[in-house]
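J.: When I checked TrEMBL for this same protein, it listed these features:
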DOMAIN    26-157  domain 'CAND6/7 N-terminal'
DOMAIN    176-415  domain 'GOST seven transmembrane'
SIGNAL    1-23  signal peptide
TRANSMEM  176-197  transmembrane segment
TRANSMEM  206-222  transmembrane segment
TRANSMEM  242-268  transmembrane segment
TRANSMEM  280-299  transmembrane segment
TRANSMEM  311-332  transmembrane segment
TRANSMEM  360-382  transmembrane segment
Amino acid sequence: MTKPPHLILRLLVLVLLVSLSTAEIKTLTITNDARAMILFEKFGFTPTGRVTISVSSVSVASSLNARNPVPSRLGFFLLSEESLLQVSLEIQQTPNLCVLDSHYILSLFTFRDLSPPPLSSFNQSYPVTAPNEYSLFFANCEPETRVSMSVKTEIYNLDRDGSRDYLSAGLTQLPWLYSLYFLAYAGFLGLWIYVLYSNKRSVHRIHLLMGGLLLMKALNLICAAEDKHYVKVTGTPHGWDVLFYIFQFIRVVLLFTVIVLIGTGWSFLKPFLQEKEKKVLMVVIPLQVLANIASIVIGETGPFIKDWVTWNQVFLLVDIICCCAIIFPIVWSIRSLRETSKTDGKAARNLAKLQLFRQFYIVVIGYLYFTRIVVFALKTIAAYKYQWVSNAAEETASLMFYMVMFYMFRPVEKNEYFVLDEEEEEAAELALKDEEFEL
C-alpha cells in the first residue's frame with residue numbers, strides 16, 4: 001500500500017503554480033515529515049545544468065511495527081513540466097504505483113544509496129543534459145513513515161567559461177534588467193527634484209512623499225540587481241536580500257499611501273483627511289505589513305515548508321483587499337466634486353478636477369489589472385527561457401504608471417486644479433449634468 005494518490009496529485013499540480021527559483025544554495029532541515037512528496041526547487045536548465053544534493057543525519061521512522069520501510073521507496077527525482085500530466089495519469093491509473101518507479105521522471109537517488117547508519121548520508125552531483133524546466137522532488141512512498149534529514153541543494157548551469165550560474169535559464173538576465181530600471185528611476189528622481197525646485201510655490205507635502213516614493217523604488221531596484229547578481233555568481237545574496245526586503249516594504253507602503261492620499265486630494269485640495277479616509281489608511285498600511293511578511297516567507301523559504309501554500313494565499317488575499325481599498329478614496333473624491341459643483345458655482349474648475357480624478361481612476365485600475373493579471377498570465381504562458389519578460393513587463397508598466405501619475409499631479413502654478421475660464425463656465429455646467437462621472 002502506498003500514499004493516497006490524491007495527495008501526490010495535489011502536489012504535482014502545485015508545480016504549475018510555483019515560479020522559477022533563483023536556486024541559490026539552500027540548506028534546510030526536515031523533521032518528522034510524513035508528506036508523500038516535497039517540492040524543493042523549480043529551475044530552468046541549459047544543456048550544461050547540474051544538480052548537487054547533500055543529505056545527512058537521515059532517520060526514517062514508521063508507525064507500522066509489522067514491517068520496516070523499504071529504502072528504495074524514498075528518494076529524490078527531477079520532473080519536467082511536460083511529464084507532469086503523464087505522471088499524474090500514471091498514478092491515477094495505478095494507485096499503488098510509487099512515483100519513483102515512473103518512467104517519466106529523472107531519478108537521482110534513493111535511500112538505498114545512503115551510507116550505513118547511524119550517520120546515514122549521501123552526496124552526489126548529477127548532470128542535466130536535456131535542457132528543460134525541472135522540479136526537484138523528494139518522494140516518500142512508504143505509508144505511515146516519517147523522515148528527518150538535513151538537505152543541501154546546489155542547482156546551477158555552467159557558462160561557456162566554466163563558471164556557475166545559479167539563476168534559472170529564464171532569469172539570468174535579471175541583474176542587468178534591474179540595473180537598467182534603477183538608472184531610469186534615478187534619472188526620474190533627478191527630474192522630479194528639478195521640477196520641485198522650479199515650482200517651489202506650488203509644492204505640497206504630497207509632492208515630497210512622491211519624491212520619497214521614487215527614492216525608495218530606485219533603492220529597491222539596485223538592491224534587487226545586487227541580490228540577483230550575487231546569487232547568480234556565488235549562490236548566496238550576501239545580505240542584499242535583507243536590504244531588498246527593507247526597501248520593498250517601505251516602497252510598497254509608500255506607493256499605496258500616495259495613491260490613497262492623491263485619491264483623497266490631501267494637501268493640494270484640502271489640508272486634512274476625513275474620518276473614512278483615515279480608516280482606509282489604517283486598513284491598508286497594516287495589511288501591507290502582513291503582505292510583506294508573507295512575501296519574505298515565500299521568497300526566503302520555498303515550497304518545501306508545510307505552510308508555503310498558505311502564505312501564498314495570504315499574500316494574494318491581502319493584495320486583493322489593498323487594491324480594492326485604494327480605489328474607494330478616488331471614487332469618494334469624484335462623487336464629492338460632483339456634489340460640490342451643484343452648489344459652489346465653479347463649474348469649469350470642478351469639471352477639470354473631475355476629469356483629472358476620473359483619468360487617475362482609470363490609470364490606477366489599468367495599473368493594478370496589468371501588474372496583477374497580465375503579468376501573472378505572462379509568467380504562466382511564457383517559455384521558461386523567457387521568464388524575464390514578465391519581470392520586464394511589470395517594471396515597464398510600473399515606470400509608465402509612475403510617469404503618468406507624477407505628470408498628472410506635478411507642482412505647477414497653472415494646472416487643471418486652477419483652471420477658470422468664464423467663457424466655458426456654461427459648457428462646464430452642462431457637462432457636469434452628464435452622468436459620465438458616475439462610477
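The backbone N, Cα and C atoms fix where each Cβ goes, glycine too.
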J.: Which residues of the chain, 6 or more past the ends of the transmembrane segment (360-382), have a CB below 8 A from one of its CBs?
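T.: Beyond its ends, the transmembrane segment (360-382) has Cβ neighbours at 16, 19, 170, 259, 262-263, 319, 323, 326-327, 330-331, 334, 389-390, 393-394, 397-398, 401, 404-405, 408-409, 439.
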J.: Cβ under 8 Å, sequence separation of at least 6 from the ends of the transmembrane segment (206-222): give me the contacting residues as numbers and ranges.
T.: 178-179, 181-182, 185-186, 188-189, 192-193, 196, 243-244, 247-248, 250-251, 254-255, 257-258, 261-262, 266-268, 395, 398, 402, 405-406, 409-411
J.: In terms of Cβ proximity under 8 Å, which residues at least six beyond the ends of the transmembrane segment (311-332) contact it?
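T.: Long-range Cβ neighbours of the transmembrane segment (311-332): 17, 256, 259-260, 263-264, 276-277, 280, 283-284, 287-288, 290-291, 294-295, 297-298, 357, 360-361, 364-365, 368, 372, 439.
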J.: Restricting to the domain 'CAND6/7 N-terminal' (26-157), what is the model's mean pLDDT?
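T.: Mean pLDDT for the domain 'CAND6/7 N-terminal' (26-157): 88.
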J.: Same-chain Cβ contacts of the transmembrane segment (242-268) under 8 Å, 6 or more residues past its ends?
T.: 204-206, 209-210, 212-213, 216-217, 219-220, 223-224, 227, 274, 277, 280-281, 284-285, 288-289, 291-292, 295-296, 299, 322, 325-330, 332-333, 357, 360, 364, 405, 409, 417
J.: Apart from its near flanks, which chain residues at least 6 from the ends of the transmembrane segment (280-299) lie with a Cβ under 8 angstroms of it?
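T.: Distant contacts of the transmembrane segment (280-299): 241, 245, 248-249, 252-253, 256-257, 260, 273, 305, 308, 311-312, 314-315, 318-319, 321-322, 325-326, 328-329.
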J.: Is it possible to list how many residues within the domain 'CAND6/7 N-terminal' (26-157) are helical, extended or coil according to DSSP?
T.: 22 helix, 70 strand, 40 coil
